[in-house]
Amino acid sequence: MAEAKPATVRQPRFRSAVTETRPARYMLMAIAFLFLGIFLVLPLVVVFIEAFQKGTGAFVDALIDPDAMAAIRLTLLVAAISVPANLVFGITAAWAIAKFEFKGKAFLITLIDLPFSVSPVISGLVYVLLFGAGSLLGPWLKAHGVEILFAVPGIVLATVFVTFPFVARELIPLMQEQGTGDEEAAISLGASGWQTFWFVTLPNIKWGLLYGVLLCNARAMGEFGAVSVVSGHIRGLTNTMPLHVEILYNEYNAVGAFAVASLLAGLALVTLVLKTLLEIRYGAEIAATRGH
Amino acid sequence: MTSVPASAGWRFKAPSVIPGFGLTLGFSLAYLTLIILIPLSGLVWRTASLGWTDFWTIAFDRRTLKALEISFGTALIAAAVNVVFGTIVAWVLVRYNFPGRRIVDAMVDLPFALPTAVAGIALTTLYAPNGWIGALLAPLGIKVAYTPLGIIIALVFIGLPFVVRTVQPIMEEIDKGVEEVAATLGATRFQTVWRVLFPGLSPAILTGFALAFARGVGEYGSVIFIAGNLPYVSEIAPLLIVIRLEEYDYAAATAIATIMLTLSFAMLLFINLVQAWSRKRYG
């Protein structure tokens with residue numbers, strides 16, 4: 001190089017003024033990749049390696065175990081109740097907040113975000129205090145044979161609590177951005193309120209809605225702390241998948257624990273892929289609320 | 001808006017032709033009250049009925065104080081680590097083009113999507129003395145799993161996306177003209193980044209730090225596997241709540257929860273103030 005163009009050797013090479021030098025760039029990239037590799041990729045890889053450590057047979061055996069199957073069923077059931085519940089809430093809250101101007105709106109939005117700043121353990125604890133033996137409701141529930149704590153209703157309630165804001169906080173900024181013009185036009189052309197929502201608003205928000213549901217579902221199926229407090233850990237009855245992972249792990253059944261964990265990790269990967277596809281394909285229609 | 005000119009006087013809601021306000025707001029408030037507000041006020045009510053002396057006795061119990069110190073201390077360190085590396089990751093994702101950038105970008109959200117218990121057992125397996133990383137560190141005399149260092153590792157994992165996702169959009173909005181001006185005026189690249197770009201990013205970095213910190217303080221699932229859970233050494237506050245609950249000591253569980261909630265809300269307030277301040281300062 002130097003021999004071919006001796007005249008240019010002394011001249012500083014052209015370099016863009018708005019980027020770093022090449023070595024600095026490579027160093028920053030190396031730091032970032034190393035950090036992500038150690039903290040994100042390795043944990044994910046280790047889950048699948050441990051799950052298949054003793055071969056596919058042991059992996060399958062761990063999953064068709066009756067307690068594991070019961071845990072999978074319970075997790076699906078809990079998600080099937082809590083996600084639609086928060087979906088309905090998310091839509092109604094977003095409709096009220098985005099389509100109308102009223103006093104105290106900012107405060108209401110703060111309240112909706114509240115569960116995000118509460119430790120999962122505390123989210124479970126509040127239901128124990130509400131329905132537990134020492135509470136006001138506890139004795140009454142017991143007398144009437146209603147089981148909430150250490151049973152499925154308690155698990156559902158705790159899951160609803162922790163996944164409460166997901167759909168709403170996705171829809172509120174999106175619908176605020178879209179304004180009220182479309183709905184006003186529909187109403188003035190004679191559409192009913194329901195028709196307006198179904199044929200005008202819903203098509204506008206469907207991708208954002210799906211995005212919110214996706215995140216809500218991932219958290220609902222994976223929640224550990226809140227559910228752990230209210231579940232009572234009864235095998236085959238009140239154990240969700242994450243709780244089952246804990247029990248197996250504490251029994252030194254690594255293959256069993258990681259087999260169930262690999263299903264949850266698979267769910268996380270599917271969630272990430274769908275989320276990324278939605279962002280690429282419908283980025284503008286999901287709005288710039290990529291926070292959580 | 002097609003609203004009629006507002007008549008004088010206070011009104012709760014601006015007039016609108018769109019129907020459904022009463023129904024949707026009513027349902028939202030009822031649901032919010034039942035699921036969030038009543039249970040949370042139950043916690044406050046229980047604490048209030050404890051009385052000051054009982055509350056102070058529990059709050060200043062040595063084990064409680066130590067657990068709170070461990071929770072807040074490790075969360076603080078982990079958030080600081082995430083500020084450094086999260087900002088670098090965000091910078092690399094925003095400024096550099098490399099194959100697979102989208103995949104790396106998507107991977108950053110893994111801690112949001114991966115159930116905490118799964119993260120917990122995976123990290124413990126990696127950092128245990130016979131694990132892939134633990135075995136490398138053991139000859140150096142560094143023990144990670146079953147020590148406070150393990151808690152920090154778990155909280156770094158959990159908090160990373162909070163910093164990256166808060167800083168990234170602000171980095172994307174940086175006007176390159178500013179950097180060109182700085183370079184033209186003779187600033188070195190380092191000066192440009194440090195004295196021109198960084199001040200504009202600092203509110204976002206601070207917000208990301210606070211979010212990661214707040215999340216770390218309350219984190220339970222990923223920590224309890226790797227922490228070893230030794231009282232006074234590696235026992236976090238959320239775990240102590242669970243232990244007190246299992247002992248049917250509801251008073252203690254409630255008191256610790258109230259302290260944690262109060263501190264978290266103080267954090268939340270702080271985040272909002274920072275954001276308000278940065279909006280005023282940087283528009």
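Each Cβ is built from the backbone N, Cα and C atoms, and glycine gets one as well.
What TrEMBL lists as transmembrane segment is B:21-45 (among others). Outside the transmembrane segment (B:21-45), and at least 6 residues removed from its termini, the chain residues within Cβ reach (under 8 Å) are 13, 254, 257-258, 261.
As annotated by TrEMBL, domain 'ABC transmembrane type-1' applies to B:68-269.
For the transmembrane segment (B:70-94), same-chain residues at least 6 beyond its ends with a Cβ under 8 Å from one of its own Cβ atoms are 101, 104-105, 108, 148, 151-152, 155-156, 158-160, 162-164, 167-168, 171-172, 201, 205, 208-210, 212-214, 216-217, 219, 233-238, 260, 263. Residues or ranges marked as transmembrane segment in TrEMBL: B:70-94 (among others).
Within the chain, the transmembrane segment (B:106-128) has long-range Cβ neighbours (under 8 A, six or more residues past its boundaries) at 89, 93, 134, 137, 144-145, 150, 153-154, 157-161, 164-165, 219-226. Taken from TrEMBL, the feature transmembrane segment covers B:106-128 (among others).
Annotated transmembrane segment per TrEMBL: B:140-164 (among others), in sequence order. Counting residues 6+ beyond its ends, the transmembrane segment (B:140-164) has Cβ neighbours under 8 Å at 70, 73-75, 77-79, 81-83, 85-87, 89-90, 93, 108-112, 116, 119-120, 123-124, 127-129, 131, 133-134, 205, 208-209, 211-213, 215-216, 219, 222-223, 226-228, 230, 233-234, 236 in the same chain.
Residues or ranges marked as transmembrane segment in TrEMBL: B:196-214 (among others). Within the same chain, residues 75-76, 78-80, 82-83, 86-87, 155, 158-160, 162-167, 169-171, 174, 178-179, 182, 187, 264, 267-268, 270-271, 274-275, 277-278, 281-282 sit at least 6 positions outside the transmembrane segment (B:196-214) and bring their C-beta atoms closer than 8 Å to a C-beta of that stretch.
The transmembrane segment annotation in TrEMBL covers B:220-243 (among others).
Residues annotated as transmembrane segment in TrEMBL: B:250-274 (among others).
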